[in-house]
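The pyridoxal 5'-phosphate binding site annotation in Swiss-Prot covers ALA80, THR81, ASN160, GLN188, SER208, GLY209, HIS210, THR248 and is backed by sequence analysis. Per Swiss-Prot, N6-(pyridoxal phosphate)lysine is recorded for LYS211. As annotated by Swiss-Prot, active site, cysteine persulfide intermediate applies to CYS334. For CYS334, the entry in Swiss-Prot reads [2Fe-2S] cluster binding site.
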Amino acid sequence: MNQQLNNLTLPIYMDYQATTPLDPRVMEAMLPYFTTKFGNPHSRSHSFGWEAERAVEEARSRVARLIGADTKEIIFTSGATESNNLAIKGVAKFYGNKKNHIITVVSEHKCVLDACRYLEQEGINITYLPVKPNGIIALETLKNAITDQTMLVSVMAVNNEIGVVQPLKEIGKICRARGVFFHSDIAQGFGKIPIDVNEFNIDLASISGHKIYGPKGIGGLYVRKKPRVRVTPLINGGGQERGMRSGTLPTPLIVGLGVAAEIAYSEMEKDTKHVNYLFDRFLNNIHSRISEVYLNGAKDPRYKGNLNLSFAGVEGESIILAIKDLAVSSGSACTSASLEPSYVLRSMGIGEELAHTSIRFGIGRFTTEQEIDYAVNLICSKIDKLRKLSPLWEMMQEGIDLKKIKWAVH
């Protein structure tokens with residue numbers, strides 16, 4: 001239930017990595033395609049179909065422009081999970097009789113890791129690269145992992161849990177030099193940081209509508225045409241989307257994604273400035289008021305709409321309950337129902353005692369300075385109270401090493 005407090009609507013939304021609110025301009029553009037402009041974009045014999053097809057193609061070109069791609073290289077899907085599966089499994093199925101090795105990273109999104117585990121059962125060899133304590137891969141490790149059997153390297157642009165930005169340009173250069181396809185899950189970076197598929201030598205890129213103030217249920221896969229990348233489709237049917245993704249296209253959702261991409265293209269600089277300012281305000285004010293708060297992942301390069309913080313001596317779950325006026329999560333939305341510490345934080349070498357205390361705060365286009373100040377005040381007062389009640393915090397103050405404590409499974 002929403003409630004009002006000093007012109008603030010509570011709870012305050014700070015979970016922008018899980019999803020973003022629909023931009024009102026996106027909503028406005030979509031509405032006619034639910035009502036009067038309802039044609040099937042594949043109907044070639046009348047104006048309803050032509051009108052829908054025109055709208056779809058305009059959206060496709062807007063999405064392409066945001067990442068420097070050719071319009072024909074964008075395939076519409078239901079979202080980034082499907083795009084990741086299509087890219088990874090599609091390449092493996094098409095090229096699997098020639099090569100049998102894929103490289104990814106231990107801290108990738110769960111859908112990438114699960115697609116790779118599925119392929120392992122099919123006989124494909126997968127290398128999971130480690131990350132440094134700052135969450136970023138070592139390029140030397142990637143170079144050493146590539147063999148003449150490697151067909152694909154999959155590394156995300158911006159991590160969904162900790163916001164660090166991987167060195168895509170350097171990874172792309174390495175892959176191109178070795179004749180290996182480079183796939184990137186850019187869902188958390190699309191429209192938020194500059195990404196150019198040609199400059200970065202990206203061959204496949206997965207995007208999502210609802211991470212950029214667009215609708216849920218729509219995403220895309222960029223598939224390079226030159227040099228050509230082939231993927232075996234996951235879905236068979238009418239052969240839409242260059243034969244890679246059959247099914248009637250959802251025109252209203254595609255229009256929404258296109259407008260969201262257009263807004264991101266023209267307002268990225270403004271959004272970045274806004275988010276960076278609020279990130280600094282939030283982090284500096286927290287650090288000035290409470291001790292033993294750690295930012296997980298590199299501060300730079302990072303998408304600053306993501307603050308993953310560990311509050312030493314307090315359980316993450318109890319923090320979430322205490323700050324229920326803030327909509328936040330511990331870990332990614334896909335796995336936050338689990339009480340296990342985040343596998344992303346563990347992959348960075350963060351111990352259980354700190355991994356258990358982490359909260360992800362998201363800042364976005366519609367976050368206000370007033371909301372940030374309210375959040376800081378609430379967090380500081382609640383952490384203070386929780387620490388007074390916390391035996392862990394007491395033990396830390398007494399100099400007991402929490403790393404030596406045996407944690408019971410929940």
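Just so it is clear, glycine is given a Cβ too, placed from its N, Cα and C backbone atoms.
What Swiss-Prot annotates, mapped onto the structure for a quick look.
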residue	record	Cβ contacts under 8 Å, 6 or more apart
ALA80	pyridoxal 5'-phosphate binding site	HIS109, CYS111, ASP185, ALA187, SER206, ILE207, SER208, LYS211, GLY219
THR81	pyridoxal 5'-phosphate binding site	CYS111, GLY219
GLN188	pyridoxal 5'-phosphate binding site	GLN17, MET156, ALA157, VAL158, ASN159, ASN160, GLY163, LYS211, TYR303, ASN306
GLY209	pyridoxal 5'-phosphate binding site	GLY79, PRO215, LYS216, GLY217, ILE218, GLY219, LEU253, GLY256, LEU257, ALA260
HIS210	pyridoxal 5'-phosphate binding site	THR19, THR20, GLY79, LYS216, GLY217, ILE218
THR248	pyridoxal 5'-phosphate binding site	ASN40, PRO41, HIS42, GLY238, GLN240
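Shown are the binding-site residues ASN160, SER208; the one with the most C-beta atoms within 10 angstroms of its own C-beta is SER208. Here the Cβ of the residue listed as 'N6-(pyridoxal phosphate)lysine' has 27 other Cβ atoms within 10 Å, regardless of which shown protein chain they belong to.
Following the DSSP three-state reduction, the secondary structure of ALA80 (pyridoxal 5'-phosphate binding site) is helix.
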